[in-house]
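Record features, source TrEMBL:
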- 25-56: region 'Disordered' (REGION)
- Thr133, Asp159, Asn189, Ala190: S-adenosyl-L-methionine binding site (BINDING)
Amino acid sequence: MQASRQRIVGRQWLESSKRRVAREPPYRYFSCSQRQAQTPPPPKKSPQDGPASTTTHFGFETIAEALKEQRVGAVFSSVASSYDSMNDFMSLGIHRLWKDHFVRTLNPGRNPLTSPPSSQDQGWNILDIAGGTGDIAFRMLDHASTLNHDAHTKVTVADINPDMLAEGRKRALNTPYARSPRLAFIEANAEALDAIPDNSVDLYTVAFGIRNFTHKDVALREAFRVLKPGGVFACLEFSKVNNALFDAMYQRWSFGAIPLIGQLVAGDRDSYQYLVESIARFPSQAEFSGMIRDAGFLVPGKGYEDLTNGIAAIHKGVKPVGKGV
């Protein structure tokens, strides 16, 4: 009889323990910096994701591939008018120096003193991808005109986001290129540049944009297709900090301060949260250099140059001479 009572009490204790465990809430981090310091757990899927849908990342969130373009578009529509301020927050204010250095290393334009006479009236054909605000395009045209005395080099700014393009057209009004045939703005997807012919571009640039692409490998293959043999692919992007102490400080700033500043300054915490998460998800310098090589490019040296301890990096690839599409 006593043994029977013990078995009943034992079963009641086990059932009570199960109910108690089920009621205990999961442990959560509430500090952004703490969350970043840990390896992020597999993110929850969006309710729209069907069981058979192809997924991709949107920051630390996993969503259906079909939704990413729309979600990224909403972010950049939100920040278009404050794009420079956004990059100030993301780069600790030095993105302008990086962009200047990026353009100098590319040295756009044909210098009449060094170019063959037959090519001096042609200039370069430059495609600036995800360059909606014109930040890189204006710099390249200034460099070609003032340093290389080239009045023929032209830049086509391509962006998938019409709000970013509208901001670029507005800013162009304050430059000498607003109504010049040397500057054009087109709405285009970097993964399907149908309006750009094969082997037609001398220089393809993308600055702080490629990390937002759904299929980076597809965009790299499109870059290879549109570039002329001998043409250059050049990318400026946030990357992986190579100093552990500095990285810890930068991660705390990125995840702790930037979304808060976005909320206070722009009333948009979520967009800034996505942007810092997108940086964390971007491949390392060596990994991205490998992707460029896999797309068919020749990669000079190690393939990249770190800027400010790796907060950003410049990547380059050259389409081999003799290679068509």
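The chain as shown is numbered from 1 upward.
In case you wondered, yes, glycine gets a Cβ from its N, Cα and C as well.
Keep in mind that TrEMBL annotations are predicted by a computer and have not been checked by a curator.
In sequence order, Glu69, Ile160 constitute the residues six or more apart from Asn189 (S-adenosyl-L-methionine binding site) in its chain with CB-CB distances below 8 Å. In this entry, Thr133, Asp159, Asn189, Ala190 make up the residues listed for S-adenosyl-L-methionine, with the farthest two CA atoms of the set 16 Å from each other. Within 10 Å of the C-beta of Ala190 (S-adenosyl-L-methionine binding site) there are 25 other C-beta atoms, taking all protein chains into account.
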